[in-house]
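Trainee: Summarising the annotation, Swiss-Prot assigns transmembrane segment to 1-21, 41-61, 69-89, 96-116, 173-193, 207-227, 239-259.
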Amino acid sequence: MGNLYALILGIIEGLTEFLPVSSTGHMILGTTILGIDIDEFWKSFLIIIQLGSILAVIFVFWRKLFQGLDIWLKLSVGFFPTGVIGFFVAKYLNALFNGWVVVGMLIFGGVMFILIEFAHKNKQYRINSLEEISFKQAFCIGIFQSLAMIPGTSRSGASIIGGLLLGFNRKVAAEFSFLLAIPTMIIATAYSIYKEPELLSNANSLIPLGIGFITAFVVAVLVIKFFLKFISKFDFIPFGIYRIILGFVFFYLYYSGILNAGSEFKL
């Protein structure tokens, strides 16, 4: 993988990991357009740039993370259902690794955002700070997050939708989603390395790995800060519309044969 491609994929990862638009869908698009082979080094590269994204969340929210034990307990409770469900259903997920599933979930998630925003129009939110989130609500968010195991759903999208349905205001829903990404992504990455320890031994081209890591970190920091400011003033409808448009783009690419709904998707 060349340095320029590493830079581009790092940007894609940083831009889409925490926006509710499906980072998986964008990585499919990016690797296909760039003509990158999905080999062992690519898998190692993906792990490294995801670590950059995780570090970005810690960097942005470090004050909240060190305010006390309460937030860590809530994140642990939130991760629990995702971890349990993931452990038991992971081996059955290959059946969902299909481009048409991505299409369906992109469009479905977009419609959900639009419907929820219309339903919440002029309504008062019940939860307006992280401190007000109950352990029961944190657990429910974890259940929603587990839906992101379905390709095209978006981890942040699923958990944010869960928060909105539970009465969180937009900013709190997004903040808890971002914070919940820390244990979720760290453990998911560790599990990937445990299953395929050779992935680290394949990471022998340090320059593209470093470029991807730093780029993903910097872009993710900027995106998180921008996103939180954006949703403090606006709603999620633009993201819903974007998801629907992207879903139809994928529909066209798969239907026309430009992309293979099976093999092209298996990242």
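The backbone N, Cα and C atoms fix where each Cβ goes, and this holds for glycine too.
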Trainee: Give the one range among 173-193, 207-227, 239-259 whose Cβ atoms make the most pairs under 8 Å with those of the transmembrane segment (96-116).
Mentor: 239-259
Trainee: Which one, 1-21, 41-61, 69-89, 173-193, 239-259, has the most C-beta pairs under 8 Å toward the transmembrane segment (207-227)?
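Mentor: Looking at each of 1-21, 41-61, 69-89, 173-193, 239-259 in turn, the most contacts to the transmembrane segment (207-227) are made by 1-21.
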Trainee: Taking the transmembrane segment (239-259) as the reference, which of 1-21, 41-61, 69-89, 173-193 gives the largest number of Cβ pairs under 8 angstroms?
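Mentor: Against the transmembrane segment (239-259), the leading stretch is 1-21.
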Trainee: Give me the stretch from 1-21, 41-61, 173-193 with the greatest number of Cβ pairs under 8 Å to the transmembrane segment (69-89).
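Mentor: Highest pair count goes to 173-193.
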